[in-house]
């Protein structure tokens, strides 16, 4: 007799009965595969709109699609409509996450990028735990979709709350808007900015050549660089590995012994722990070595349980592996964004993530494999990614590269001592540079 037990907290019995999925395991796993198959399209759209029309524009457009299409998905009348809406919601709504992340990286100074990444990871983990609670309380899948996606209707209002990325505006030659936003930020933070620096920022003649070079086929310039093409290939493989292992472990977390909602909430709590570790490790030990160790620990943790007969040890190693791969996944966002120039940063991050979706497309099918094959795959992917990440340069506290030449010669710098704070009644004077 087949089981109605599901693979994710909101894939509840009522939907299985409604769409006649009780004895069709492949149809349930196909939903996740279809969603992940749509993500390459989402990332292509995100990179193009974000680099062409701005980070804020991309964030607001894609978040609106995510909210509306998620609610429409709750109105599905059959399995085919549900799968189709799953595809379109991912294709047209997923991109707001990537656009927002790139904007965050560009707003933060080098010493604070890890802290900003930590904040986003903690918020993501808390959201996942809240989702598990809501799914436990609202187990009818239609009502659950309405509830969750209704909150996303508020996201486009960020257009009124945040300004466009000044780094993107500057790279596009929109110097007047760049200066206005920097002046606004200075007023909020009660600092004074050197007029000489503001004049240089607003000097359109000095920016003309840079603007022309970044606006005319920046991808062609990147593809002519052997260094950056090799770096892109390495990053893409790391994204394939991290996506496959991360989503594979996440999907299989609800099949562990015990309550599936509690397991999913505990699984998402690893996001919070990993994010706090990111804040400490990325600045202290650097991006490259931190990610290398995370991949290596995950590979060992995924294989070790099958050499021990203790059930508790196996469960513990599962969460160690999940913690390590979550650390690697969240760190790859920061690391990848720092390795490519401003003119293609969003597109490069989206493209690496796009290639990585090969892993997330395959991950929903892993429940159909034996646990031994799963462990072997997770361990192999993690260890190979650990070796690959050693072939890219360190970026700790390095200036974000503006062009291809800067990106080719990027090198991380050692932490420098913080300057002595100014007296409370003395306005601070800020000198802007490429890394602020």
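Yeah, the Cβs are placed from backbone N, Cα and C, and that goes for glycine too.
Automated prediction, rather than curation, is the source of TrEMBL annotations.
Of all ranges given (347-365, 404-422), TrEMBL attaches the label transmembrane segment to 347-365.
Taking TrEMBL as the reference, the stretch among 30-48, 144-162, 163-181 described by the feature transmembrane segment is residues 144-162. In TrEMBL, the annotation transmembrane segment applies to 116-138, one of the ranges 1-23, 116-138. On the 0 to 100 pLDDT scale, the model's mean across the domain 'Major facilitator superfamily (MFS) profile' (1-397) is 81.
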